[in-house]
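Trainee: Let me begin by handing over the structure; questions about it come next.
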Amino acid sequence: MKIACIGAGYVGGPTMAMVALKCPEIEVVVVDINEERIKAWNSDKLPIYEPGLFEVVKECRGRNLFFSTDTKKHVGEADIVFVSVNTPTKTHGIGAGKAADLTYWEGAARLIASVSTSSKIVVEKSTVPVKTAEAIGKVLKRNCQDPNVQFEILSNPEFLAEGTAMEDLRHPDRVLVGGADTESGRKAIETLVSVYAHWIPRERILTANLWSAELAKLTANAFLAQRISSINAISALCEATGADVQQVAHAIGTDSRIGSKFLNASVGFGGSCFQKDILNLCYVCESVGLKEVAEYWYQVVSMNDFQKQRFVERVISAMFNTVSQKKIAIYGFAFKKDTGDTRETPAIDVCKGLIRDGAKVCVYDPEVTPEQIFRDLSAPKFEWDRPNYSRSHSHMLENVQVVSDSAAAAEGAHAICILTEWDEFKSYNYQALYDKMTKPAFIFDGRNILDHAKLREIGFIVYALGKPLDPFLVKGY
């Protein structure tokens, strides 16, 4: 059996590496038109950072795992074609800012159709709006020259969390495969299930119809994001009343019906899927006339925007209502720890908010490159998800500096903002950092990962999200 995957990003790369590792008899090829990215996959410095990924790639690469730009050859030869191309939010036209842009998906479908001389199973791996399979089916059928070639479309959404993707692939909660309820559809489902069954117990492999599988992915992300927005809403209330959001979260998290996951108050959620999938869900709801349902889910995104804005306002008001010309150290730019991914990271909006008020931000992140940071801070909204975006020029921004160590970021700074929960931030010598900073020295902990009592002993004025306010920050009027 031969498997090809179109798209060598955060989903395609790790997923195919795990398939190759667990199914040594299957040839797995990841194809992408971006030559730089393929070159990186074939090197010792992979294009994405994911704990445990390099070891798996190294073991399989050249044996039964290959990375290539020869899309036509490998897609043509494959029995199963996974498609994990970007599905960005539309930036203009009907549904702008909500609907998914299927340009890249359609391009992939046309490619598959044009090179296919044998029947294939086409697997949706990227998050796609409900009913995509129907549209893709039409493109495949109309563009294939050979009347004997049949395409079966399956939906196999990924449920990976960045930072733990390899573990999620090794021991998933579930694998979901959706297909048509026809004889050939059921056969295709069984073919894909047999690949996963190499290492995943059958009871964890769920099958569904196509639309249910597509919708399950959007709904899962919407529910997870909704939990974050819910606890973040409560964090604002905690600050206003003197409650402690971590104590509240712990108390409700021990209720087995609620559970403790995704109840960490933070500066906001980020990542490539949450916002995009919720907006997509809203668009689907609006399209079928469910305005109230769409409005309900919009609030999850609105609350996330409010939380980021609230953080910026808290920084500015704490620093005597002016950050103009003040150096502010930003610790962490990735949207969460253990990944170099910056898509929709809250750090973008926080930095932009501070820069708008005249601050000079100095960013340190252990895994994000300076080019990426400059690019993110100068790109328009939703543009990050386009393939040519990675090749666009990064603009040097006059009020942004990126440094390669935390001490340099803190040197002469008025404040440190913790925006990603990297473990290394917990072990710094904050006394040494305090000595280098301009006084009064502030720490704004947007992830609640530091020892706030200890920081106050050193002399810092500390703002911790959703915690009783430092007396210094309480307005006396």
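Each Cβ is built from the backbone N, Cα and C atoms, and glycine gets one as well.
TrEMBL lists Cys273 with the feature active site, nucleophile. Marked as NAD(+) binding site by TrEMBL: 7-12, Asp32, Arg37, 85-89, 126-127, Glu162, 273-276, Arg343. Taken from TrEMBL, the feature domain 'UDP-glucose/GDP-mannose dehydrogenase C-terminal' covers 329-452.
So that I understand the layout, could you describe where these features sit and how close they are to other parts?
Mentor: Secondary structure by DSSP for the domain 'UDP-glucose/GDP-mannose dehydrogenase C-terminal' (329-452): 46 helix, 19 strand, 59 coil.
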Trainee: Please report the distance from the Cα of Asp32 (NAD(+) binding site) to the Cα of Cys273 (active site, nucleophile), rounded to the nearest angstrom.
Mentor: 21
Trainee: Tally every other Cβ atom lying within 10 Å of the Cβ atom of Asn86 (NAD(+) binding site).
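Mentor: Taking all protein chains shown, Asn86 (NAD(+) binding site) has 22 Cβ neighbours within 10 Å.
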Trainee: Would you mind checking how many other C-beta atoms are within 10 angstroms of the C-beta on Glu162 (NAD(+) binding site)?
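Mentor: 23, counting other Cβ atoms within 10 Å of Glu162 (NAD(+) binding site).
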Trainee: Measuring Cα to Cα, how far is Thr89 (NAD(+) binding site) from Cys273 (active site, nucleophile) in Å?
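Mentor: The separation of the Cα atoms works out to 10 Å.
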Trainee: Could you list the residues of the same chain, at least six apart in sequence, whose Cβ is under 8 A from the Cβ of Gln275 (NAD(+) binding site)?
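Mentor: Set apart from Gln275 (NAD(+) binding site) by at least 6 residues yet with Cβ under 8 Å, we have Ala225, Phe269, Val301, Asn304, Glu344.
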